[in-house]
Amino acid sequence: MTETTPGIVIMGAAGRMGRMLVQAVCDSDQARLAGAVVREGHDWVGQDVGHAMGGPAMGVIATSDPLEAMARAQGVIDFTTPETTLEIAHLAAQARAVHVIGTTGFTETQIEQLVPAARHCTQIRAGNMSLGVNLLTGLTGMVAAALNEGWDIEVVEAHHNQKADAPSGTALMLGEAAAKGRGVTLSQVADRGRDGITGARTEGHIGFSAIRGGDIVGEHDVIFAGQGERIVLRHMATDRMIFARGALRAVLWGQRRPPGQHDMIDVLGLGG
Ligand SMILES: NC(=O)C1=CN([C@@H]2O[C@H](COP(=O)(O)OP(=O)(O)OC[C@H]3O[C@@H](n4cnc5c(N)ncnc54)[C@H](OP(=O)(O)O)[C@@H]3O)[C@@H](O)[C@H]2O)C=CC1
Ligand SMILES: O=C(O)C1=N[C@H](C(=O)O)C[C@H](O)C1
């Protein structure tokens, strides 16, 4: 590590993804852990993050003050809630720090509210930071473009029983890719939450279904159902570290880039 090694703050460090991100940054020789932010009153506050995670000291004391943590950082990785992410977007803009957003469950309005901050810093947001899902997104767009009339698209996702939002951010990414492949706007063709006497399926619509249970890390199927045949594109995540590694790659990619909004397709160079 050198003096120019970027310092990274992890928001929501005590969360499922937060812990993975702390570990990923600490294991990297291209980044250093500059801060770990938890909720006010959390029992990690004032403790060394390594000790709080049950391991050796990491030399970083957990804080509930994101401003203090970001004062000495070049990047912030944020897998929290939409409300927290909106607050952090403003702080990242002030600090000119790269803001990597893994948080999902935003409303359309909240997504628009992220735009002003990205005039002052690099913002990278994706509903899924894994290489596999971002590749699958490209494949989904291609298949949707090739199979239009007579083919119904359904996105089915499964996650652990603590997940707060549905459909998942990944399911929406895949739905967006399918809609784009067909030259339509997802919001106009999305069928979310069928129940009761729904009637026959509307031609051209994209359906979403969500399964919640146990400790499922994240599974996504894009089903192209035709007459007499069916294609299923599937991604199965078995380890959250794939998301943490993607986020770390993103925060490093964003260093010394001009302000603006990006996604993982940009980071991974999959845009074609
Ligand atoms: N893009 C991707 O690749 C992935 C995205 N995700 C998304 O990331 C998000 C988090 O998921 P997950 O880690 O499972 O959820 P968790 O609930 O386990 O973690 C979120 C953490 O953020 C903390 N937090 C929220 N707001 C604040 C705040 N203002 N200050 C300090 N800490 C805060 C929470 O604290 P508390 O519990 O005390 O509220 C919690 O510890 C979800 O939106 C999920 O969908 C998840 C995996 C991959
Ligand atoms: O909440 C999760 O766990 C996950 N969230 C992301 C999503 O909403 O798609 C990514 C991954 O599937 C895990």
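Cβ atoms here come from the backbone N, Cα and C positions, even for glycine.
All annotation found in TrEMBL is predicted automatically rather than curated by experts.
Listed in TrEMBL for this protein:
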| type | residues | note |
| --- | --- | --- |
| ACT_SITE | H159 | active site, proton donor/acceptor |
| ACT_SITE | K163 | active site, proton donor |
| BINDING | G12, A13, A14, G15, R16, M17, G102, T103, T104, A126, G127, N128, M129 | NAD(+) binding site |
| BINDING | R39 | NADP(+) binding site |
| BINDING | H160, G169, T170 | (S)-2,3,4,5-tetrahydrodipicolinate binding site |
| DOMAIN | 8-129 | domain 'Dihydrodipicolinate reductase N-terminal' |
| DOMAIN | 132-268 | domain 'Dihydrodipicolinate reductase C-terminal' |
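Checked against G127 (NAD(+) binding site) by C-alpha proximity, the recorded positions R39, H159, H160, K163, T170 yield T170 as the nearest. Proximity of the binding-site residues (R16, G102, M129, T170) to ligand 1: a Cβ under 6 Å from the molecule is found for R16, G102, M129. The residues near the (S)-2,3,4,5-tetrahydrodipicolinate site, meaning same-chain residues not in H160, G169, T170 whose C-beta sits within 8 angstroms of the mean position of the site's C-beta atoms, are T104, G127, N128, E157, H159, K163, D165, S168, A171, G218, H220, in sequence order. H159 (active site, proton donor/acceptor) falls within a strand segment according to DSSP. Following the DSSP three-state reduction, the secondary structure of G169 ((S)-2,3,4,5-tetrahydrodipicolinate binding site) is helix.
Ranking the recorded positions R39, H159, H160, K163 by the number of CB atoms within 10 A of their own CB puts H159 at the top. For R16 (NAD(+) binding site), the nearest of the recorded positions R39, K163, G169 in terms of C-alpha separation is K163. The local packing around G102 (NAD(+) binding site), expressed as other Cβ atoms within 10 Å of its Cβ over all shown chains, amounts to 26. For the domain 'Dihydrodipicolinate reductase C-terminal' (132-268), residue counts in helix, strand and coil come to 50 helix, 37 strand, 50 coil, using DSSP. It is M129 that, of the binding-site residues A14, M129, has its Cβ surrounded by the most other Cβ atoms within 10 Å.
With a cut-off of under 6 Å between the Cβ and any atom of ligand 2, the binding-site residues A14, R39, G102, T104 reduce to T104. Only G169, from the recorded positions H159, K163, G169, place their Cα within 10 Å of the Cα belonging to G102 (NAD(+) binding site).
Of H160, G169, T170, all annotated as binding-site residues, the residue with the shortest Cα distance to T104 (NAD(+) binding site) is G169.
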